[in-house]
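Read through the structure below, which is laid out as structure tokens, and then see the notes.
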Amino acid sequence: MRLLPVVVTVSLTVALAYYVYIPLPDAIQEPWKLMMLDAGFRTTMHLASLKSWMGFDDYITSIRQSSDRFEGMMKSGAGGVMPGVKVSDITFDGVPVRVYEPPAGGEGHLRRGLMFFHGGGWALGSAKKGSYDTINQMLSDELNAVVVSVEYRLYPEVHFPVPYLDCLVAAKHFLSPEVQARYAVDPERVGVAGDSAGGNLAAAVAQEISIDDTMSVKFSVQALIYPVLQALDFNTPSYLQNQNIPILYRQIMVRFWLQYLGADLSLQSQLLANNHSSLHNSNITPELRARIDWTVLLPPKHKKNYRPLIVEKGSQEAGKEMPRLLDVRASPLLAGPEVLAKCPRAYILTCEYDVLRDDGLMYARRLQDAGVTVTQEHYDDGFHGCFTFITWPMEFDVGKRVLRGYLNWLQNNL
């Protein structure tokens, strides 16, 4: 009987290790920390699925509640509000925003301006919580910049194009001469930035502003942190190479897209097989296909030995979602060269171990081909989400390097 507690303890330890452990590439530093983080996320998703199945709560709502608790811990580790930075929660033309004003006032001189859109698959995250709040405070302080972080509406309350329209409305308000003057912002030094789904929104808004002749002030730079930019090909080399790499699994990214576009979640398997973008679909012209052709747009080292998955005749049901999938406001990578040519100079950050790596690399190439100046920064040991993992208890060295690279580029280019 004395052996029973030992056997139980060992068994539980082995079971826990089995649940936590996932094989990771050697290049990823601090692997066990990432495994623990991933195990926490997986547990959150499993519990959310169970609660939804039992009728207790919505799947996304449950995940938000857990994320809020986690972000609260990260915020407490970050040390709260940065001294001197003024933080205000207001609305820009009806859209909630958080404004950060630097300690150095605007009296007698103009300041930089930056609009930021947070990530979270158009369903999670907040402009006011966790690392996003910390990062924007740092940026406001270091760059003497007025930062506007947009609290756009999320799934399941809304679908595309509402989050995009919220961001566009807030952007136009911020770029108006009256608001620029109110915050003493230099109209020649205003940028837009975002990470992941926020990078998608930043790219789409930057495109729209760049071709809007009614706007007297436009963005001078755009900074895209591992942006998601297309939903026609979920079999690019990065989607296949990193399909089981935390924290953004391939299946989860497809689910985020279906949720955002208000589509039937049962179509997930069809999108994973590229059945929605088959050659049989006449809405996808050869010209559009060329705009996401990774065999042409990716550097050789990222193509490796992967082959394109081109489906001859796919699913008609999945094809019905095409009008939204082909909308450049949802998929900025599909924009024509005439639009890209008018876009502001860009900073595009990509991570090797991220399903979205190739979206960013292809967009950088297409912008460059259109004549836009692009700084493309790639982290060989980076993974999706690392930009926000900069505070206790999930502080990663690569996250701090990614953040520093972003801040330095804005310092030198905004």
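Yeah, the Cβs are placed from backbone N, Cα and C, and that goes for glycine too.
Record features, source TrEMBL:
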DOMAIN    114-272  domain 'Alpha/beta hydrolase fold-3'
ACT_SITE  Ser196  active site
DOMAIN    326-387  domain 'Alpha/beta hydrolase fold-3'
ACT_SITE  Asp354  active site
ACT_SITE  His384  active site
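Taking only the Cα positions, the spacing between Asp354 (active site) and Ser196 (active site) is 10 angstrom. Same-chain residues at least 6 positions away in sequence with a Cβ under 8 Å from that of His384 (active site) are, in sequence order, Ser196, Tyr226, Asn242, Ile245, Pro246, Ile247, Leu248, Cys351, Tyr353, Asp354, Val355, Leu356. For the domain 'Alpha/beta hydrolase fold-3' (326-387), residue counts in helix, strand and coil come to 22 helix, 19 strand, 21 coil, using DSSP.
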